[in-house]
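Colleague: Sharing the feature lines straight out of TrEMBL:
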- 189-210: transmembrane segment (TRANSMEM)
- 294-311: transmembrane segment (TRANSMEM)
- 323-343: transmembrane segment (TRANSMEM)
- 355-373: transmembrane segment (TRANSMEM)
- 385-404: transmembrane segment (TRANSMEM)
- 454-476: transmembrane segment (TRANSMEM)
- 534-557: region 'Disordered' (REGION)
- 537-557: compositional bias 'Low complexity' (COMPBIAS)
Amino acid sequence: MCKCFGLVRYGRLFTWSDDVVVDGQINCSAGLFGDPMPMDVKICKCYPKICTTDTGTCTPEPCSCPTSRDPAVEWGKKTLMTSDGTKCWACEKRASAAGVLVEGDSKFCPTLPGRCSLKRSCKCESSSDTKRVMRTKDGQKCWTCAPAGEGGALGMDSGQKAMFWMLPLLWPFMDLPNSAYEVCSGCRALTTFLALCVVGYILQNFVTVLNLNRFFSFYAPCMKKGEFWRLFTYFMLHSDLQHLCINLMHLLDALDLEGVPDLEVSLGVPLRCTRDGPVGSVCYPDVGIGRQHVVALIALVLAYGALVGTIKNFGALVQGASSVCFGVDGALIALYAMFLGAGLDSQLKIPEFGAFFWMRIGIIAFHIIIDVVQSICGQGKDTVGTMAHMASLVAGFCYVIIVLPPMGDGSLFHNTQPYIINCGMTSPKYTTIEEATTDCVAFFRRGNGIEISLAQNIAIAILGGGVLISAVNAVLKRHISDDGLALCSCGDVPGPKGEDAQNAEKDLISLRERQVGALKEDVTRLERLMHNMPNLPAAAPSDAAPAGAAAPATPSA
């Protein structure tokens, strides 16, 4: 049953039935709406209409009343008739009744009109009710549950406000400083990573005596000397502030990869979707993979992106967190692709999330296009970075396929891997019971299903192939020097030590002395030759000697 006052359509994503006018609720089925997407999961989507609040006018279509911004008043819906007998609706402002406190240990909010509880953590017992906030006579806030579409004093409409805060980039700024604290607590791995990037930039550019460029930069020739920590430390360094800010905003917009923090869109309305959440509320589904998997994912995309980037230029100096940005994007694409493929969006109380996901995909695609365009316009100068970024994107996607991490904290779905479905739901080719119950994952829609074992083998082959090519490339280019950047001396040819070193030094000194002595003798010989050369006077034409005359004698030395 879909409860709505307005227009309802049936389908999913970009394929919908014609709109149907609903005044209350309607059965969400293909029998009433038709089947716009045969053999696929579909949902009902409500487009509520707000009744007019002007005196003397009414709305002829089914509608609901707006939410009052003033806790002292609320809008009440009333039914009217026009002069020609047509039924219509309007909303009038009424004084909000003070809530009456209900004592007790029940975990559910009161549902009787005017009754409320001081327990902020109470939940609605019925999934069709919406949790609302009230005030007692003495001004205390209390909470109650009422059917969706009825009055309440939530201030701004919770759905509209939640839609504004859907982007994870905005979560830290919802209610500063409390929201920033909740984001740091709920997404500890990613926020710690962001803090390391900021600290690394400050130390790199303002405390230059530490020379972090030499210690933390990734330089492939240094791998020959065992400096493998460089695979995981180059993200802390950024050459300029613009590069740092772009990466920080990119990572902030991927906070949902780790989880959804405990934030409230409005009083009593959580940002995170739950199974028992209100029907009319806009919420954000928690499909995060958790702190441990985020750390493992970051380590993988850092190392894989750096290694594959060496194929183009083995001697490139790599810095920045862009590989992590594209790596988390790849993981998000895999998560939400399986999310939609399993039809999990139909289980949510907010069907708009399917369209919202496609917007997120568009943002990720925009990042990729910009990166490729920069490489092309730079005449291939940034090809190394583009290769590393694309490799990290693929690595993030493959990580999710290989590891199959949990989706959410268990508060939204009944198991931690709800994206695993039976292969019989993806294709009619699975005819036997054994084949139909094989575990599969589907990407974007049920028809794009693939067996988990096959998908994992493909992902492992992709990652293994990249590592193998990088290793072969490193062997072929092992002659490239580390240019003195390496800190370790592993692999250097050791020089002589002890008495051998002293003897070698004496022999070198003796050789240099003999060379100097030989050079001095040559200089002396040249000086004597110059001294004994005769001074021949220039002969005049009239004094020319006759032919056959004897030449004057030259004194001998």
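A Cβ is built for glycine as well, from the same backbone N, Cα and C atoms used for every other residue.
Curation does not apply to TrEMBL; its annotations are automatic.
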Colleague: Given the transmembrane segment (294-311), which of the listed stretches 323-343, 385-404, 454-476 has the most Cβ pairs that are under 8 Å apart from it?
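Modeller: Counting Cβ pairs under 8 Å, the winner is 385-404.
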Colleague: Under 8 Å between C-beta atoms and at least six residues away from its ends: which parts of the chain pack against the transmembrane segment (385-404)?
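Modeller: Answer is 289, 293, 296-297, 300-302, 304-309, 311-312, 318, 320, 322-335, 338, 368, 371-372, 374-375, 417, 420, 441, 452, 455-456, 458-460, 462-463, 466.
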Colleague: The transmembrane segment (454-476): which same-chain residues, six or more beyond its ends, come within Cβ distance under 8 Å?
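Modeller: Same-chain contacts beyond the ends: 220, 223, 304, 307-308, 310-311, 314, 391, 394-395, 397-398, 401-402, 441.
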